[in-house]
Amino acid sequence: MGKRLISQNRGRGTPKYTSPSHKRKGAVKYRSYDESEKTGSVVGALIDVLHDPGRSAPVGKVRFENGEERLVLIPEGKKVGDEIACGISAEIKPGNVLPLAEIPEGIPVYNIETIPGDGGKLVRAGGCYAHVVSHDVGKTIIKLPSGYPKVLNPSCRATIGVVAGGGRKEKPLLKAGKKFHALSAKAVAWPRVRGVAMNAVDHPYGGGRHQHTGKPTSVSRHTSPGRKVGHIASRRTGGKR
């Protein structure tokens, strides 16, 4: 009997494949969407800038005027001591949080909610931003960094500006060990070995005098876990003609 596949070990949940969430600084999300934001604004001050392991952007700690503290994604150009306002009457400037309905067309935004009050789900990586394209009755269209347009509820909140930490990919890693430790902070097993390069005991495609799969790469959805590699329940394989 062969060894368990990587996908089987990952499902077991060993430390190698478990995300090190205990190293995180905490939940990075907006404050609750209350009446003070729906009718006016809540002002806070950026009191600290933190490094969050596994995250590509720096995290800021904001203390609001009511004593509440939150971790937020800060935009480029913000520093300790700057003010951040959240609410419908907040000024249109980097770092402030407003509903999409109050943000003019063409303004870059990030950390966008998909449901009003969910705390922010879209465009959260360092250096990323989306654009507000247009407003209509009951909907706002934004253009994501991928270029894909998305229709959202105008009450969904977003932050003005560009996420800090851009340009991180311009500096090469240079060493394999650097990439290994960078990805281990996100529970990504790297390097990834091809199945045909393994021994027969390690993978269904392993073994042989030369590297080849030796069997069909399409498998049933209901096959045994140790054989479920390649194209799982594929409708078709190969390039389109």
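Cβ atoms are placed via backbone N, Cα and C, with glycine included.
Note: TrEMBL annotation is automatic and uncurated.
TrEMBL lists 1-32, 204-241 with the feature region 'Disordered'. The compositional bias 'Polar residues' annotation in TrEMBL covers 1-20, 214-223. Look at TrEMBL and you will find 11-86 tagged as domain 'Large ribosomal subunit protein uL2 RNA-binding'. What TrEMBL records for 92-225 is domain 'Large ribosomal subunit protein uL2 C-terminal'. The compositional bias 'Basic residues' annotation in TrEMBL covers 224-241.
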### Intrachain residues whose Cβ lies under 8 Å of the compositional bias 'Basic residues' (224-241), provided they are six or more past its termini
2, 4-5, 7-8, 195, 203-205, 213, 216-218
### Query
What are the helix, strand and coil residue counts for the compositional bias 'Polar residues' (1-20) according to DSSP?
10 helix, 0 strand, 10 coil
### Query
To what whole number does the mean pLDDT across the domain 'Large ribosomal subunit protein uL2 C-terminal' (92-225) round?
95
